[in-house]
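**Student:** Take this structure, written in structure tokens, and hold onto it; I'll ask about it next.
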Amino acid sequence: MWWDERVSARFRRNLQPTLTYWSVFFSFGLCIAFLGPTLLDLRCQTQSSLSQITWVFFSQQFCLLLGSCLGGVFKRTLAQSLLALFASSLAISLVFAIIPLCHNVVVLAVVMAVAGLAMGCIDTISNMQLVKIYQKDSAIFLQALHFFVGFGALLSPLIADPFLSDTNCILANGTANASSNLPHIRKSLVPHHPGNLSHYDLPMKGLVVTRVSYAFWIMALINLPVPIAVFFLLYKERMVPCFNGSSHPLLSADELALEARPGDKDELSTAAHRPHPAAGHEDLFSCCQSKNFRGVSFTYFAVHITGALVLFMTDGIVGEYSGFVYSYAVEEPLAVVHKVAGYLPSLFWGFITLGRLISIPVSYRMKPATMVFINVVGVLITFLLLLIFSSSVVFLFVGTASLGLFLSSTFPSMLAYTEDILQYQGCATTVLVTGAGIGEMVLQLLVGSIIHDRGSYSFLVCGMIFGCLAFTFYALLVFFHRMYPKPCPELDEASPEKAAVPEDTGQYQR
């Protein structure tokens, strides 16, 4: 294996939980990407208008954000985390199965809200648990985790594509013009911007002819092994209610000491007999309690805030670029034909997934801080070149691929970097996940309004501004990292300060 024996042994020791969290994130990706291409068929199924059906996007995204905030509630014990993941992954399968039965847009929005809550819980809990297990070695496993969400996001549109309607799926008089515009409308649908296509008149009454139900039932079956995998992990750890006996650690203290680095052996043997305090990861509301602020320096808050702001910008760029690059390409001065422009969002997400795959081995050799620096600088340079060569269709495709590569590993690298600064005692995971979710929602809405008022060129200008802000916030984060107090090695083992720092045993804690 291309990593060292210590990390390899740690991975083998935690193989089942790690694979389970990766599979759950595949479920997350499967659910996050299907709505865009299937929305027109769902409009036919619910016999609603374009502006009504696009609010289903908002229902899903808002509840995803809410679920991310609440996900930390379930981290207090391993049993709570796994039960929450089991319920969330099972809910996603049920949502896929139920969507074909939703013939009212309000009912569909409620079902998608449930899916959003489940996705938010998965996002926060999976990141938290991997950070807990691997701590200073977590970067490589977080990169793999986010590869699986990209893989799921690529797969669901491919599953849906054979079942999408080629002509209008509500048969009514005078639908010829609407039918001919259908491919363009499908690719122009943008979440959080319902007025984007209000000028298109599509029939709301008539005979509904759509086969999209088959796509959802296939995705429900594909996702079904995920809650089963979580259930098996619950069973192995004896956390299923009817098998709730105590479980043994996956590895004894003596074995742990043998696999540790030589300098850590004495510390591990001592730590194995010491009770482990609760980790610092909390839900967003617990993080805001005043008791957590006592005795902390201002740099503690600054690291959380600047880290969240970097992801606010970079995840916001992902949302606004994937949402509007097609609309930008088909308008002047580029005027790309609709069919060719339709490849741009797929190219963008394809290179995000490729970049996450490449980042798995790279993150083992490169520090997370260095990877984030390369990412934000790369995003900035790419947008600058896109502005300079704004009339080149070829460079639009090259720049789209480049942007996908640079944005791909930003979230897991930033999460690993920030958690390392805080010695795994802050609320970084919850705050960063929430900041990224808000950024994706807010910046997409903001850019949609600006493009509507100022024209398509403002799409790239906004991206350049967001890239500059991401770089600025990253520079501030590095500055606060230099100021953040380092752990004092001279502290006595029995002192409260020492007890507050969790030991990095690599053991799967209950």
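A Cβ is built for glycine as well, from the same backbone N, Cα and C atoms used for every other residue.
Please treat TrEMBL annotations as automatic predictions, because they have not gone through curation.
In case it's useful when we look at the structure, here is the feature table from TrEMBL:
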type	residues	note
REGION	490-510	region 'Disordered'
TRANSMEM	21-40	transmembrane segment
TRANSMEM	52-74	transmembrane segment
TRANSMEM	81-99	transmembrane segment
TRANSMEM	105-126	transmembrane segment
TRANSMEM	138-159	transmembrane segment
TRANSMEM	214-235	transmembrane segment
TRANSMEM	298-318	transmembrane segment
TRANSMEM	340-358	transmembrane segment
TRANSMEM	370-389	transmembrane segment
TRANSMEM	429-451	transmembrane segment
TRANSMEM	457-480	transmembrane segment
**Student:** Can you see whether the transmembrane segment (340-358) and the transmembrane segment (138-159) are touching - at least 3 CB pairs under 8 angstroms, only pairs 6 or more apart in sequence?
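**Tutor:** Yes, the stretches contact each other.
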**Student:** Can you work out whether the transmembrane segment (370-389) touches the transmembrane segment (105-126), with the criterion being 3+ CB pairs under 8 Å where the paired residues are 6 or more apart along the chain?
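**Tutor:** No; fewer than 3 Cβ pairs under 8 Å.
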**Student:** Cβ pairs under 8 Å with the transmembrane segment (52-74): which stretch of 138-159, 214-235, 298-318, 429-451 has the most?
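**Tutor:** Comparing 138-159, 214-235, 298-318, 429-451: 429-451 has the most Cβ pairs near the transmembrane segment (52-74).
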**Student:** Quick one: find which recorded stretch in 81-99, 138-159, 298-318, 429-451 has the most Cβ pairs under 8 Å with the transmembrane segment (457-480).
**Tutor:** 298-318
**Student:** When you check the transmembrane segment (429-451) against the transmembrane segment (105-126), do you get at least 3 Cβ pairs under 8 Å, counting only pairs 6 or more apart in sequence?
**Tutor:** yes
**Student:** Let me spell it out: take the transmembrane segment (105-126), skip the flanking residues so only those 6+ beyond its ends count, and list any with a Cβ under 8 Å from a Cβ in it.
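**Tutor:** Residues packing against the transmembrane segment (105-126) from afar: 21, 24-25, 27-28, 31-32, 35, 42, 46, 48, 52-53, 55-56, 59-72, 74-75, 81, 84-85, 87-89, 91-92, 95, 98-99, 145, 429-430, 433, 437.
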